[in-house]
Amino acid sequence: MEQIKLDSIADAIEAIRKGEVIIVVDDEDRENEGDFICAAECVTPEIINFMSKEGRGLICAPISEARCTELKLDLMVGSNTATHETPFTVSVDLLGNGCTTGISASDRSKTIRALVDPDTKPEDLGRPGHIFPLKAKDEGVLRRVGHTEAAVDLARLAGFKPAGVLIEIMSEDGSMARLPELKQIATKFNLKLISIKDLIEYRLTHESLVKREIGVDMPTNLGDFDLIAFRQISTGEVHLALIKGTWEKDEPVMVRVHSSCVTGDIFGSCRCDCGPQLHKAMEMIQQEGKGVILYMNQEGRGIGLLNKLKAYKLQEQGRDTVEANLELGFKMDQRDYGTGAQILRDLNISKLRLITNNPVKRAALAGYGLEITEAVPIEIPSNPHNLEYLKTKRDKMGHTILKKD
């Protein structure tokens, strides 16, 4: 099958800057769909009409987390159980200003423009309405690989406020339009066609989420390593890279992405398998002679130490690790891997022999443009205190552990 040629990100940014609509496609392993996207500041009734007629999906308005706070736009639901956790807020209409039904192309374009107008106040927006704001992650596609973040990133890169307009593109029969048809649509209307994957690559090349702060020698009882501290620019959080040896640019490197676990890594808690996994990974890399352990500041799968202890208390009352997270208002796994991906790129790693039993981790890192050449299993014996925890990771989170007979 002939490879479909996509446009460059630079050309797409220029099109957005000119107020044009473009098509953005995501990964075939995610939704494998395309969206019409433009900058919110450039939306017109004509663009809304075009999107509605040719896209046939749901018109949404991705905006920044800060803007959601300013306009007091709460999330539509407290616990998001959608497949890809699309961050819908309450829907809105602009009140007054010539708006009537809220659904006309004119009314919807006015509502979207109001979302980015600094003079708009929360009371200027009626709830519910006909425009669906989406709350984009602050670091865009480097935090979440979705059209929501792509729209905001493209608007920002084009010099506009971080807000966009998007709609899913459907075929005439109501099914989702896939890449070959999206290419035809792009050609028909002379639109730029890009992928989120290429946008991630562009941002990773032109921007930095992390700063290398300091490196030191780190002799351990499992071997001699180098330790480098990276500061996450947006949050100030510090992440560590424990490094053994050197490698060529395109060489597959053994890597473990390990989330910090005070209870397991430091106190030797038997409630999880984190400490043994960390030490086993160090042994594997020491034996390999080269490799990296990323020690990410993401305690409790990203919910923080205090909330992890609250989750432990719920587990003592009969919940499993997933149920406890959900009851506390978190996802089963709150982590993102964009920061870790950029640290690996800083370390000149693009191909990984990833030490993991977690399929989500493999897919997430691959989504940031890293090539996983091999998933290297890490076998840790269970104990009476963590057996149910490990079973939950296997049965509810898909980890390849405790294989059933």
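Cβ from N, Cα, C; glycine included.
The feature active site, nucleophile is assigned by Swiss-Prot to R335. Look at R335 (active site, nucleophile): DSSP puts it in coil.
Annotation source Swiss-Prot lists D-ribulose 5-phosphate binding site at R30, E31, D35, R144, V145, G146, H147, T148, E168, citing sequence analysis. Cβ neighbour count for E168 (D-ribulose 5-phosphate binding site) (all protein chains, 10 Å cutoff from its Cβ): 19.
In sequence order, V24, D26, D35, I37, P62, L166, I196 are the residues of the chain that are 6 or more apart from H147 (D-ribulose 5-phosphate binding site) and have a CB within less than 8 Å of its CB. Under the DSSP three-state reduction, H147 (D-ribulose 5-phosphate binding site) is assigned to helix. Sequence annotations record features per position, and here Swiss-Prot assigns Mg(2+) 2 binding site to E31, H147.
The Mg(2+) 1 binding site feature in Swiss-Prot is assigned to E31; the stated evidence is sequence analysis.
The GTP binding site feature in Swiss-Prot is assigned to R256, V257, H258, S259, S260, Q277, E299, G300, R301, T321, T356, K361; the stated evidence is sequence analysis. Residue environment of E299 (GTP binding site) contains 19 other Cβ atoms, counted within 10 Å of its Cβ in all protein chains.
Listed in sequence order, C261, T263, G264, N386, Y389 are the same-chain residues at least 6 apart in sequence whose CB falls under 8 Å from the CB of C272 (Zn(2+) binding site). Under the heading Zn(2+) binding site, Swiss-Prot lists C261, C272, C274, citing sequence analysis as support.
Summarising the annotation, Swiss-Prot assigns region 'DHBP synthase' to 1-205.
The region 'GTP cyclohydrolase II' feature in Swiss-Prot is assigned to 206-405.
In the three-state DSSP scheme, H130 (site 'Essential for DHBP synthase activity') is classed as strand. Taken from Swiss-Prot, the feature site 'Essential for DHBP synthase activity' covers H130 (among others).
Annotation source Swiss-Prot lists site 'Essential for DHBP synthase activity' at E168 (among others).
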Cβ neighbours within the same chain of C274 (Zn(2+) binding site) - under 8 Å, at least six residues apart:
H258, S259, C261, T263, G264, D265
Could you state the whole-number distance in Å separating the C-alpha atoms of E168 (D-ribulose 5-phosphate binding site) and S260 (GTP binding site)?
38
Measure from the CA atom of V145 (D-ribulose 5-phosphate binding site) to the CA atom of T356 (GTP binding site) and give the result in Å, rounded to a whole number.
21
Within 10 Å of E299 (GTP binding site) (Cα-Cα), which of the recorded positions H130, V145, R335?
R335
